[in-house]
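The following features are taken from TrEMBL:
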DOMAIN    13-75  domain 'P5B-type ATPase N-terminal'
DOMAIN    197-322  domain 'P-type ATPase A'
TRANSMEM  29-50  transmembrane segment
TRANSMEM  70-92  transmembrane segment
TRANSMEM  157-178  transmembrane segment
TRANSMEM  336-355  transmembrane segment
TRANSMEM  375-395  transmembrane segment
TRANSMEM  846-874  transmembrane segment
TRANSMEM  880-899  transmembrane segment
TRANSMEM  920-942  transmembrane segment
TRANSMEM  986-1003  transmembrane segment
TRANSMEM  1015-1033  transmembrane segment
TRANSMEM  1053-1071  transmembrane segment
Amino acid sequence: MEKEDLKVLNKGEEEEMELQGYRLCRWRLALVGVGVLCTGGFLLLLLYWMPEWCVKSTCTRTTARDADVVLMRSTLTISVNISSSFCQIRYFTFHSTKYYWNDEVQNFEVLKKLFFGVNEIAVKVPSVFKLLIKEVLNPFYIFQLFSVILWSADEYYYYAAAIVIMSVISIATSLYTIKKQYIMLHDMVAAHSIVRVSVCRASNEIEEILSTDLVPGDVMVIPSNGTIMPCDAVLVSGTCIVNESMLTGESVPVTKTNLPNPLPGERDEDNDSAYNTEEHKRHTLFCGTHVIQTRFYTGELVKAVVVRTGFSTAKGQLVRSILYPKPTDFKLYRDAYLFLLCLVAVAGIGFVYSIVLSIMNKVPAKTIIIESLDIITITVPPALPAAMTAGIVYAQRRLKRIGIFCISPQRINICGQINLVCFDKTGTLTEDGLDLWGVQRVENGSFHLSEENAYKENLVKSQFVACMATCHSLTKIEGQLSGDPLDLKMFEATGWILEEATEEETSLHNRIMPTVVRPPKQLLPPEPVASPEQDMSAYEIGIVRQFPFSSALQRMSVVARRLGEKRMDAYTKGAPEVVASLCKKETVPENFAEVLEGYTKQGFRVIALGHRRLESKLTWHKVQNINRDHIEANMEFLGLIIMQNKLKAETPGVLQDLHRAHIRTVMVTGDNMLTAISVARDCGMIPPQDTVIIADALPPHNGQAAKITWRYADKPSKTPLNISLEDVCPIDEHKTQEMYHFAMNGKSFAVIEEHFPDMLQKLVLHGTVFARMAPDQKTQLIEALQGVDYFVGMCGDGANDCGALKRAHGGISLSELEASVASPFTSRTPNISCVPSLIREGRAALITSFCVFKFMALYSIIQYISVTLLYSILSNLGDFQFLFIDIAIILLIVFTMSLNPAWKELVSRRPPSGLISGPLLFSVLTQILICLGFQTITFLWVRQQSWYTVWKPFTDVCNRSSHINMSDLNDTEVDDHNIQNFENTSLFYVSCFQYLIVAIVFSKGKPFRQPSYKNWPFVVSALILYFFLLFIMFHPVEDIDEFLEIVCVPYEWRIKLFIIILVNAAVSVVVETTSTATTNRPQLN
């Protein structure tokens, strides 16, 4: 039954989960109720913290179909949801998505066709009361409440009050931050979520409704002056110019065209496919994107069919990913819990010890309970979470100062572990803009010599220039040419003029008014004017239809018609290999591959052009609905445009710094393979002496299995290598990495991932260049690298890197736009110099976390040792002694020791990733033994002194009898807790110095943080505390002694105490320095 009733939701998707059905059981509920009453509500809290236990203790297993409660388990989280029924339909809501029971598949599914609900991305801002209850029920605050009640029962009112104040401040700060984040997200989403829209009804009636009432299937009218899209919709008529920066990070306006709609007799059954958001992205208007302007037909409106609403939209998915982020799984945090469990175990030993000791000494039952429970509150420090957060907060502030903004602070620590960084090429490693280097035209199947530009009189009427002038997606926005930077450079190189139709002019045509391009008059050759109507300015080309650039197809095409011509022309531009494959073989020069290779090896970006004269039967109406595959075939190869993409000035230096730090660098780009390899060599990602092997993978074909061929990038592509992977992946990986680099394109990556998954792991270990990668393949590569235990950083310009930026351990976007909400980090500096800065700050924050955790662990153990020793003589530390240690020493030191800035350069070693490691445990355990040893020596030695006696209020070992008034002694309160004694005073002095000693010993500087002496708040705090403690030790002040409940001891004993402290300090420093020196060996990644 267990296996049978286990359902899998969202199979194969990112949110894949196992689901089990449960039904409420009355007798189990009754038993749990009794248990809650018996434990004073603690069982209820435990079940709140452990939802799986809650379900299993109150419910019985049943089929998913009959379930009242469903238990869902992903790889990282466990969730419980109550299923409901409405009109005989069973459903539950999880992460703002409704799952309905489907009888056909016998499982819950996201059935969007049943209920759509309100078209709204509702980010509900929880009330302060709800947030407060959730925050207060945190196990940490419950433990603090338990501690406060216990201390109050033991009359430790001041310390209890201090902890209450700290907790209130902590809760208030946390509530303010969470509430502020919810309000910001709510405002960002709500700004344009409810607008009035026009919808086409039956009989072509236009009805105005609120956007919240839209449902899939509605035909929405897009206003000509633009709008913010309230849903995902697919264009069915007209075109739109859209700014998609909210989703993609790319501020370049994108042209969206209507879905092709061939007439019934012209349908191509082979290519006819159902609408798919990914495939038909260029026809889809996404929710939250800004429609800048529309182009429309006469008598027809620009219409779009609503396809997705609410949280199902692209914007809804983005908001869901922010509302319900994946839990950060990092070894440090797992180890922290283990470490706390160890402290709890130590507390358990002390708990049993204090009970046994108290019973043996016939201590009252109330005192036994309070003092034994007090041991637990001492061992698990209440200030630990605040202390651990301090280092991250300071690192976040330092990052902000250098222009790096962070929306996920916990990721800063993880960035300290990064040992591989993936870089996008264009706009990240290289300049965003491309410069035209030259053109190389083709005539009669052979190349001309390369020319600097196409701005020439003899070329003005050539098909080559016509293709450059028409094959683009440029548009005019407020009189300025706008669009893809590459298209802009190409069009500007022709010197032509682009004109778009005005609203009035569209009424002269029965279809959409075309965009017109024409050359400037000075370029046109002088010709005799036959009539006034045929002047030179009449040479114009109208762009009739656009097939936008598709990253999947790696090309774009247009259909254009020259003024006065009956037949139309098709022009294509795109990746040279793709365009050449669409052209007639006789028009492609024989030396095409060699010429292309020559340019790409030099790092140029090469674009090929193609042209085809269309048949006269293709009318304007037919062209509007024809499939692009009919147009992009049997073309003539026109030649190549060679663009230069310069490296950013900072790129080589930054990559050199990363290589010196043994951090691997990988290029992931949508560009040509050889161009990418050339840029990788130019920027130093691939050293000059290293060999690059290209892996070409071919899918199964005609019964033949999938295969991989290998070839050297620097040698002719005709000679594949007859090598196996073992030849280039020997056991000595570091040596191999210096010699070989693998390169592959997106197609090969897809084939290898599907047919050779085991080989993919070996390839990514040495792969340096991944070219022609689609956005989803970039994400898959990040996952593959994480699968071989790399901590992966990703740096991109945010255009098509959103998925990869989110998936990487440390994704940093160079885009300043709000779209960077998809990336944990955003840099204001538009170059990769932010990457080493982020890793340095991550390392500093991680080391700070280790230092703080070690210090807090030692603080609790030192206090535990003091209290345990004092319990043996039925004594304890005083209320104000606890207060002085916890507030004046611990909090001050913790919050200042976290201020060390990051070290100025990256070193080749990485900090350890977890607390449970040999060096760290050795460091903590040795310091514990040292502190235990010196406290024990102090405790035993003071009792061996000749002047020692059991302290009473009239005890005078300091010979101060002449100053003591006997009437004062009679007024002295009875010390019920036996705080004032020589053992207490001696241990108080020694332990206070021990806190400061371990703080200095653990406060590591180089190689990950600046030295502690540069952290002046820490140095000043430590010096003031040292001075104060030495002052009260050698020059007792009666008021201070009375306040801290310490007693006067002879001067010679103070000298001995000072010697104990000095020897303790020397031993601690020597042991820690020795252990650090032996474990700090260079670490190759």
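Here the Cβ of each residue, glycine as well, is placed from N, Cα and C on the backbone.
All annotation found in TrEMBL is predicted automatically rather than curated by experts.
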**Complete:** Contact set of the transmembrane segment (880-899) with the rest of its chain, CB cutoff 8 A exclusive, min separation 6+ beyond the ends, reads 156, 158-159, 162, 381, 383, 387, 390-391, 394, 848, 851-852, 855-856, 859, 863, 979, 984, 988, 991-992, 995-996, 999, 1002-1003, 1012, 1015, 1017-1018, 1021-1022, 1025, 1043-1046
**Request:** Mind tallying the domain 'P5B-type ATPase N-terminal' (13-75) by DSSP state, helix then strand then coil?
**Result:** 32 helix, 17 strand, 14 coil
**Fill in**
With the cut-off at Cβ under 8 Å and a gap of six or more residues from its ends, the chain residues touching the transmembrane segment (1015-1033) are 888-889, 892-893, 896-897, 899-901, 989, 992-993, 996, 999-1000, 1003, 1040-1041, 1044, 1046, 1054, 1057-1058
**Prompt:** So which of 29-50, 336-355, 375-395, 986-1003, 1053-1071 is most in touch with the transmembrane segment (157-178), counting Cβ pairs under 8 Å?
**Reply:** 375-395
**Message:** Under 8 angstroms, Cβ to Cβ: which one of 375-395, 986-1003, 1053-1071 has the largest number of such pairs with the transmembrane segment (336-355)?
**Reply:** 375-395
**Message:** At a C-beta cut-off of under 8 Å, are there same-chain residues at least 6 beyond the transmembrane segment (986-1003) that contact it? List them, or none.
**Reply:** 851, 854-855, 858-859, 862-863, 865-866, 869-870, 877, 881, 884-885, 889-890, 893, 897, 900, 923, 927, 931, 934-935, 938-939, 942, 1012, 1015, 1018, 1022, 1025-1026, 1029, 1033, 1044, 1046, 1049, 1053, 1057, 1060-1061, 1064-1065, 1068-1069, 1072
